[in-house]
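S.K.: Quick paste of what Swiss-Prot says about this protein:
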- ARG429, TYR546: dolichyl diphosphooligosaccharide binding site (BINDING)
- 541-545: motif 'WWDYG motif' (MOTIF)
- 608-615: motif 'DK motif' (MOTIF)
- ASP73: site 'Interacts with target acceptor peptide in protein substrate' (SITE)
- GLU375: site 'Interacts with target acceptor peptide in protein substrate' (SITE)
- LYS611: site 'Interacts with target acceptor peptide in protein substrate' (SITE)
- 1-39: topological domain 'Cytoplasmic' (TOPO_DOM)
- 253-257: topological domain 'Cytoplasmic' (TOPO_DOM)
- 312-326: topological domain 'Cytoplasmic' (TOPO_DOM)
- 404-409: topological domain 'Cytoplasmic' (TOPO_DOM)
- 453-466: topological domain 'Cytoplasmic' (TOPO_DOM)
- 40-60: transmembrane segment (TRANSMEM)
- 144-162: transmembrane segment (TRANSMEM)
- 165-182: transmembrane segment (TRANSMEM)
- 194-213: transmembrane segment (TRANSMEM)
- 216-230: transmembrane segment (TRANSMEM)
- 236-252: transmembrane segment (TRANSMEM)
- 258-283: transmembrane segment (TRANSMEM)
- 292-311: transmembrane segment (TRANSMEM)
- 327-347: transmembrane segment (TRANSMEM)
- 381-403: transmembrane segment (TRANSMEM)
- 410-426: transmembrane segment (TRANSMEM)
- 431-452: transmembrane segment (TRANSMEM)
Amino acid sequence: MKRSEKSSTSVVSNNKQQDVNIISSNEVGVKEENKGHQEFLLKVLILSVIYVLAFSTRLFSVLRYESVIHEFDPYFNYRSTIYLVQEGFYNFLNWFDERAWYPLGRIVGGTIYPGLMATASLVHWSLNSLNITVNIRNVCVLLSPWFASNTAMVTYKFAKEVKDTQTGLVAAAMIAIVPGYISRSVAGSFDNEGIAIFALIFTYYCWIKSVNTGSLMWAAICSLAYFYMASAWGGYVFIINLIPLHAFFLLLTGRYSHRLYIAYSTMFVIGTILSMQITFISFQPVQSSEHLAAIGIFGLLQLYAGLSWVKSHLTNEAFKKLQRLTVLFVLSCAAAVLVVGTLTGYISPFNGRFYSLLDPTYARDHIPIIASVSEHQPTTWASYFFDLHILVFLFPAGLYFCFQKLTDANIFLILYGVTSIYFSGVMVRLMLVLAPVACILAAVAVSATLTTYMKKLKAPSSPSDANNSKESGGVMVAVLTVLLILYAFHCTWVTSEAYSSPSIVLSAKQNDGSRVIFDDFREAYRWIGQNTADDARIMSWWDYGYQLSAMANRTVLVDNNTWNNSHIAQVGKAFASTEEDAYIQMKALDVDYVLVIFGGLTGYSSDDINKFLWMVRIGGSCDPNIKEQDYLTNGQYRIDKGASPTMLNSLMYKLSYYRFSEVHTDYQRPTGFDRVRNVEIGNKNFDLTYLEEAFTSVHWLVRVYKVKDFDNRA
């Protein structure tokens, strides 16, 4: 009886214990579920804040000035978007612009990447379809900030795929405000790069996803992302070379897999076919030297996969013999195709900009028109810190953590980082390509460091070194926190002061901190549009061609497309010649008005006098009589009394300094004192014979001259 009572008691106690265990396990499950919900909500909140931050931090220019298009190239994009919205896509692709490159004109549809215009017009159409009436200008102004927010989200997914969620959140926060990317994505910067960086990161994310999963769907999405990138920016060549490089390194390191084969073969075939639908690209993916690496890696993967299959059906000796013969045959065929294609002209050589990336001195020595563009200059060390701040130091740390654990994704990140750091050093414009990977690698370093030291703060290894661990962990976390706060302050300051000023509206700060606005450009363009004939031809340096076409709606001789070097050289030659010789050239080109930018009164350093030597160099590339040495004095570029006679009598000098001797720029200086060059001009007393002043803006920034008609007696 007692035994039965004991046994029943033990059964009851066991049941109670099981119930307690079930309850405790359920409680643990509920807690974990609640924790998962909390983490999800926190992640959504952080990403929402980042999304809003990425958009709002780019609105300084709109708040400070107004909704206005920035820089030079965006004005052509804006004008083209208006044409696309009004005329439709078919007419846009067949648009011949008779107001550009007089008397040649320009076939627009076949000479541009239409992705930006198509995106803006699609957004405009979508909003108006929803009865949200929005002006196309506002769509163009705000498109880049919106895509910057989308880029932050894609960067989160990319970094998460490479490492983990924490890294993704840090990377998204960093790229939301990094100056290197903001420089091309502020409100009003309606340029190709504004949407292209989103397409770039999205393509890379889809590529890593397809390599990790071997999914045909992700490879197809990667192809679509690549197609969008190809439609938006010429930087798509970076993608179609980096992805093959990644595949090649995976082969070299013995990481070949069916996942890689599926991802690359699908992406290359579909992506190439789609990119060839862009009129400007056409057959370049199968003809140009820039795409040969992608074709070669595609063939190499097919060969490797085929040999791997054959190997399972042959003996080792037979396979080695077949392998040698196959490799020899393929190399011979590839060399023959390369030689024949190059000799027959089927395979086109590298273009000038691509050569400049491989050889930084190439453009300077052979193509001055490329070297004259400021964004094509090599990057200084100061620019790296200015555009990246602490990312400069976290970048190598991120590479170190990637090397510690080599995966397919980490190898891609390493290759992306190393190649982009090289190209950004060659051309300052490509800082834009470096900024995203710098943020991701910095996020890898920050995330790994914080994870390590936060563990020390929470759980010391033993009581003996608990204090040391907590102290070192606390110091490291505090240092990183301070650095990230400084990064945020620096990014905000750079965005506000350096990258939120439209070139068409200038401003300066007075001693009391208030701003003075110089709206001379729009004033001049409005005057030209209202006071000149509709068919008037305007000659200016190519920098201002797009703005003249969009703002004044007048015909220009050259513009920022710079597709015809000899035509630009004719304009450069005219500005470098004497007034009499230039008059003959201008009449031959049917020029009605000449526009020059002059900053001597206001201190605007980006005026035509400072650009004049580039006009001389480019003009001299087509006329050997134009020599740079003739415009220098003992190797120095001067505009004072010590300037060379050739310089003092050039058309550019006379148009810039005409009547400047009547102006006092400073009470302590003589008349005709140039505030940019900080000298008194050398030639004051001269008149114009063949041109007459038509308009000078309030601050003398823009000067317009009318070309006189021929004297009948002549």
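Cβ from N, Cα, C; glycine included.
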S.K.: Most CB pairs under 8 Å with the transmembrane segment (236-252): which of 165-182, 216-230, 410-426?
M.R.: 410-426
S.K.: Please report the number of other Cβ atoms within 10 Å of the Cβ of GLU375 (site 'Interacts with target acceptor peptide in protein substrate').
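M.R.: Result for GLU375 (site 'Interacts with target acceptor peptide in protein substrate'): 12 neighbouring Cβ atoms inside 10 Å.
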S.K.: Going by C-alpha positions, which of the recorded positions (GLU375, ARG429, TYR546, LYS611) is nearest ASP73 (site 'Interacts with target acceptor peptide in protein substrate')?
M.R.: TYR546
S.K.: Which ones, of the recorded positions GLU375, ARG429, TYR546, have a Cα no more than 10 Å from the Cα of LYS611 (site 'Interacts with target acceptor peptide in protein substrate')?
M.R.: none
S.K.: Report, in whole Å, the straight Cα-to-Cα distance of ARG429 (dolichyl diphosphooligosaccharide binding site) from GLU375 (site 'Interacts with target acceptor peptide in protein substrate').
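M.R.: Here the two Cα atoms lie 5 Å apart.
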S.K.: When you tally the Cβ atoms that lie within 10 Å of each candidate's Cβ, which of the recorded positions (ARG429, TYR546, LYS611) has the highest tally?
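M.R.: Comparing the recorded positions ARG429, TYR546, LYS611, the most crowded Cβ belongs to TYR546.
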S.K.: What are the DSSP helix, strand and coil residue counts for the motif 'DK motif' (608-615)?
M.R.: 8 helix, 0 strand, 0 coil
S.K.: Take a look at 144-162, 165-182, 194-213 and tell me which one has the most Cβ pairs under 8 Å to the transmembrane segment (431-452).
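M.R.: Checked against 144-162, 165-182, 194-213; highest Cβ contact count belongs to 165-182.
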S.K.: Tell me, how many other CB atoms lie within 10 A of the CB of ASP73 (site 'Interacts with target acceptor peptide in protein substrate'), whichever protein chain they belong to?
M.R.: 19
S.K.: The transmembrane segment (292-311): which same-chain residues, six or more beyond its ends, come within Cβ distance under 8 Å?
M.R.: 240-241, 243-245, 247-248, 251, 256, 260-261, 264-265, 268-269, 272, 285-286, 319, 322-323, 326, 330, 334, 338, 347
S.K.: For the topological domain 'Cytoplasmic' (404-409), give the DSSP counts of helix residues, strand residues and coil residues.
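M.R.: Output for the topological domain 'Cytoplasmic' (404-409) reads 3 helix, 0 strand, 3 coil.
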S.K.: Taking residues 6+ outside the topological domain 'Cytoplasmic' (312-326), which of them lie with a CB under 8 Å of any CB in it?
M.R.: 303
S.K.: The transmembrane segment (410-426) vs the transmembrane segment (194-213): three or more C-beta pairs under 8 Å (separation of 6 or more)?
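M.R.: When sequence-distant Cβ pairs are counted, the transmembrane segment (194-213) touches the transmembrane segment (410-426), since at least 3 lie under 8 Å.
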S.K.: With helix taken as DSSP H, G or I, strand as E or B and everything else coil, how many residues of the motif 'WWDYG motif' (541-545) land in each class?
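M.R.: In the motif 'WWDYG motif' (541-545), the DSSP-based counts are 4 helix, 0 strand, 1 coil.
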S.K.: Using DSSP reduced to three states, classify TYR546 (dolichyl diphosphooligosaccharide binding site) as helix, strand or coil.
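M.R.: DSSP call for TYR546 (dolichyl diphosphooligosaccharide binding site): helix.
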S.K.: What residues elsewhere in the chain lie close to the topological domain 'Cytoplasmic' (253-257), defined as a C-beta under 8 angstroms and at least 6 residues from its ends?
M.R.: 214, 304, 308, 406, 408, 411
